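Over in TrEMBL, the protein carries these features:
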type	residues	note
BINDING	Thr33, Gly34, Ser35, Thr36, Asp86, Gly87, Ala88, Asp89, Lys99, Gly100, Gly101, Gly102, Lys126	substrate binding site
ACT_SITE	Glu108	active site, proton acceptor
Amino acid sequence: MSQDNEKRLAAETAALKYVGNGAFKGGIIGVGTGSTVNFFIDELTQYRDKIKAAVSSSEASSERLRKLGIDVLDLNAAGRLDLYVDGADECDPHKRLIKGGGAALTREKIVAAASDKFVCIIDATKQVDVLGKFPLPIEVIPMARSLVAREIVAMGGQPVWRDGVTTDNGNWIIDVHGWRIADPVGLETKLNQITGVVCVGLFASRPADVVIVGNREI
Ligand code: 5RP
């Protein structure tokens with residue numbers, strides 16, 4: 001099966017089980033960002049009667065949701081969410097993730113933190129034993145880019161500025177190459193201490209609750 005078809009299948013499986021058939025009744029749904037989530041958003045059209053509104057992790061997803069007639073709320077107006085569905089760039093056997101390939105990591109982490117259940121939808125290429133082959137995205141305050149990069153070099157990483165990309169929050173992204181992340185919670189905690197770091201694309205302290213790969217739930 002092609003990678004795109006597997007993404008679409010994961011999106012269909014999540015929509016059917018967690019929105020169509022699930023306990024999700026008339027609630028507000030958290031929606032992430034990326035090509036896999038785009039398939040999920042398209043699936044939501046058939047369950048519109050069950051969705052009061054959505055909270056989205058990016059301007060791109062908000063626009064797609066609104067085009068389908070789904071209201072998009074500010075998280076502050078929504079309160080706690082029952083369900084958040086998002087993709088990932090890498091996923092280990094403990095459902096810990098690398099995210100942020102689409103530069104939406106900060107809002108994604110906020111919406112995940114505000115949600116009772118985080119369902120992650122991926123294709124099989126995203127599954128790894130140890131996180132780190134995919135460069136780890138870190139959102140930084142622009143004036144702190146070099147400061148943060150030097151700290152990362154001191155920690156043994158190879159930082160590369162994602163030149164030309166500004167996040168929805170007006171910040172920049174550094175992608176860190178060369179790390180084999182044996183202790184994702186420890187690294188996430190350590191990176192969060194660096195002044196100028198807004199958000200780390202490691203979702204280890206709050207991993208996914210459910211991962212769907214194609215039509216398999218793990
Ligand atoms: C965006 C993300 C995405 O979830 C991640 O990049 C996966 O994207 P795709 O579904 O297009 O493979 O973290 O910041």
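Keep in mind that glycine also has a Cβ here, set from the backbone N, Cα and C atoms.
For the binding-site residues Lys99, Lys126, the greatest number of Cβ atoms within 10 Å around a candidate Cβ is found at Lys99.
In this view, the densest Cβ surroundings among the binding-site residues Thr33, Ser35 belong to Thr33, judged by other Cβ atoms lying within 10 Å. Residue density at the residue listed as 'active site, proton acceptor': 31 other Cβ atoms are found within 10 A of its Cβ, drawing on all protein chains shown. The binding-site residues in question are Asp86, Ala88, Gly101, and the one with the fewest Cβ neighbours inside 10 Å is Gly101. Those same-chain residues not listed among Thr33, Gly34, Ser35, Thr36, Asp86, Gly87, Ala88, Asp89, Lys99, Gly100, Gly101, Gly102, Lys126 yet with C-beta within 8 angstroms of the centroid of the substrate site C-beta atoms are Gly32, Val37, Ala104. Annotation note: Asp86 (substrate binding site) sits in a strand segment as assigned by DSSP. Contact annotation for binding-site residues (Ser35, Gly101, Lys126) versus ligand 1: Ser35, Gly101, each with CB under 6 Å from a ligand atom. The maximal spread of the substrate binding site, taken as the longest Cα to Cα distance among Thr33, Gly34, Ser35, Thr36, Asp86, Gly87, Ala88, Asp89, Lys99, Gly100, Gly101, Gly102, Lys126, is 15 Å.
Taking the C-alpha positions, the distance from Asp86 (substrate binding site) to the residue listed as 'active site, proton acceptor' comes to 8 Å.
In this structure the alpha carbons, written CA, of Lys99 (substrate binding site) and Glu108 (active site, proton acceptor) are 8 Å apart.
Separating the Cα atoms of Lys126 (substrate binding site) and Glu108 (active site, proton acceptor) is a whole-number distance of 18 Å.
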